[in-house]
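Trainee: What follows is a single structure, and I will ask about it in a moment.
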Amino acid sequence: MPAKLNSPSRYHGIYNAPHRAFLRSVGLTDEEIGKPLVAIATAWSEAGPCNFHALALARVAKEGTKEAGLSPLAFPTMVVNDNIGMGSEGMRYSLVSRDLIADMVEAQFNAHAFDGLVGIGGCDKTTPGILMAMARLNVPSIYIYGGSAEPGYFMGKRLTIEDVHEAIGAYLAKRITENELYEIEKRAHPTLGTCSGLFTANTMGSMSEALGMALPGSASPTATSSRRVMYVKETGKALGSLIENGIKSREILTFEAFENAITTLMAMGGSTNAVLHLLAIAYEAGVKLTLDDFNRISKRTPYIASMKPGGDYVMADLDEVGGVPVVLKKLLDAGLLHGDVLTVTGKTMKQNLEQYKYPNVPHSHIVRDVKNPIKPRGGIVILKGSLAPEGAVIKVAATNVVKFEGKAKVYNSEDDAFKGVQSGEVSEGEVVIIRYEGPKGAPGMPEMLRVTAAIMGAGLNNVALVTDGRFSGATRGPMVGHVAPEAMVGGPIAIVEDGDTIVIDVESERLDLKLSEEEIRNRLKRWSPPSPRYKSGLLAKYASLVSQASMGAVTRPA
């Protein structure tokens, strides 16, 4: 059954003549005003390569929708470029931007009575922000990822942006020269597009396919590929079928679809940020998803894709062997996916994967068989315990450490921790604690890549890190994030002291502060929250509305 259209009540009939007058002013004809009016929401910005080309992609998407008999109008959303904000106040706006993007798309869509939605994203928060809006609106919707950059090269080594961050630590430790750092900087990100490894942007692009909200194979072509343009146009055309058949986003974004996405995340060893984002998208879709679902699926799902930072390959490599569908098909054949879920093609996941054209090339060096995994368990594990009663996240795909016990080195901000690593305060065997960097505390739950890269770059291979902040998808090593409750609301991480023993136990799924329950209670009684860092403006508003990381750090009405 065709979807019920919003636009006729706004643009048809005598009383809507003023509205039509404005549509004529932007070039629409009587015939075009009579067609379904669809939105092209594009996350476009010139402040970084990830979304620089998104406006051009929007024009291509418009062509596709016109071929499908629709009338498209495009609008931009905001973009916060994570890499440019890294290690600065700018990173506090990153996660905030996810929810702002969702709000912006909702406002534009409803204010102008659109009938369907094409979303175009790139950098880390744009994909989840747009998918959250699609889930919230529950209208015919389809997503297309803008694509990753091609990898860089220096002295025979393939580079990603991760290498630049770690090169700073290597330079400070006098392991490389300033000129070598400069050459790495110049060569690491040679084209438009998102970071080339399976960091957060490529992880979420992959999730759009796994959820069934994007065309099969559309996540992996680079931003510079002609196939990227083809997929964008086909995405626009596909929206016509969704409207014609009345398929809305929540018919696709079911609990089973989220299980498929989590399974894919675990198999690919994707970014820990996807845990936050899938929880948030599920919240907007009215689907009850919890951290326990992630661990349940992680236990049964092997890690099979050798993708940076945990492995050896980048998104362009995965594209050459068939893209995300190669991973999905292996999981489906092993009985690990729900093949009967509906997707934006109007077909089931199983039908899509059976009809997909896989290149006839070897792929086992990148994507292994389920029976011969890189690791028997999925790439992300949820930890709980006396230090994180509501949960914390570790990316086991990017570390071989399964148990770590060490003395705490406590910092109350990322900046203090970075200075501490720089000055040699951190010693092998210690656990760096960075607190008051959670959703409410920072606010905005910034990523700690500057610190983790400094640790790795300095050659501190036996140091762990625990934080109520986040990590970049480029982070590797024994790093635990998303600790909940966060320090700002009185979580146990707030009362850790230098020299306390911290235990990270992946096999037992535990994160513990080695103190008696009585001592923890007594310290919490003595604790009082610090003054908020922001008392006005966007970040202050956000801090008053945001939930804990264990709930996806979504903003909710006060």
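Every residue gets a Cβ built from N, Cα and C, even glycine.
If you look up Swiss-Prot, you'll see S472 marked as active site, proton acceptor, on the strength of sequence analysis. If you look up Swiss-Prot, you'll see C50, C123, C195 marked as [2Fe-2S] cluster binding site. According to Swiss-Prot, the Mg(2+) binding site annotation covers D82, D124, K125, E447. Summarising the annotation, Swiss-Prot assigns N6-carboxylysine to K125.
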Trainee: Using the alpha carbons only, what distance in Å do you get between C50 ([2Fe-2S] cluster binding site) and E447 (Mg(2+) binding site) once rounded?
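Mentor: Approximately 18 Å lies between the Cα of C50 ([2Fe-2S] cluster binding site) and that of E447 (Mg(2+) binding site).
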Trainee: Quick one: Cα separation, C123 ([2Fe-2S] cluster binding site) versus S472 (active site, proton acceptor), in Å?
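Mentor: Between the alpha carbons of C123 ([2Fe-2S] cluster binding site) and S472 (active site, proton acceptor) there are 12 Å.
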Trainee: So for the residue listed as 'active site, proton acceptor', how many other CB atoms are inside 10 Å of its CB?
Mentor: 30
Trainee: Can you tell me the CA-to-CA distance separating D82 (Mg(2+) binding site) and C195 ([2Fe-2S] cluster binding site), as a whole number of Å?
Mentor: 10
Trainee: What whole-number Å value do you get for the CA-CA distance of E447 (Mg(2+) binding site) and C195 ([2Fe-2S] cluster binding site)?
Mentor: 15
Trainee: Quick check for the class: what is the C-alpha distance, in angstrom and rounded, between S472 (active site, proton acceptor) and D124 (Mg(2+) binding site)?
Mentor: 9
Trainee: Determine which residues of this chain, when D82, D124, K125, E447 are set aside, have a Cβ within 8 Å of the centroid of the Mg(2+) site's Cβ atoms, and list them as they appear in the sequence.
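Mentor: Output for this site, in sequence order: V80, G85, M91, S94, L95, C123, T200, A201, N273, S472.
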Trainee: I'd like the number of other C-beta atoms within 10 A of the C-beta of D124 (Mg(2+) binding site), please.
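Mentor: By my count, 32.
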Trainee: Going along the chain, which residues six or more apart from K125 (Mg(2+) binding site) have their CB under 8 A from its CB?
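Mentor: The list for K125 (Mg(2+) binding site) reads V80, D82, S94, L95, S97, R98, I101, given in order along the sequence.
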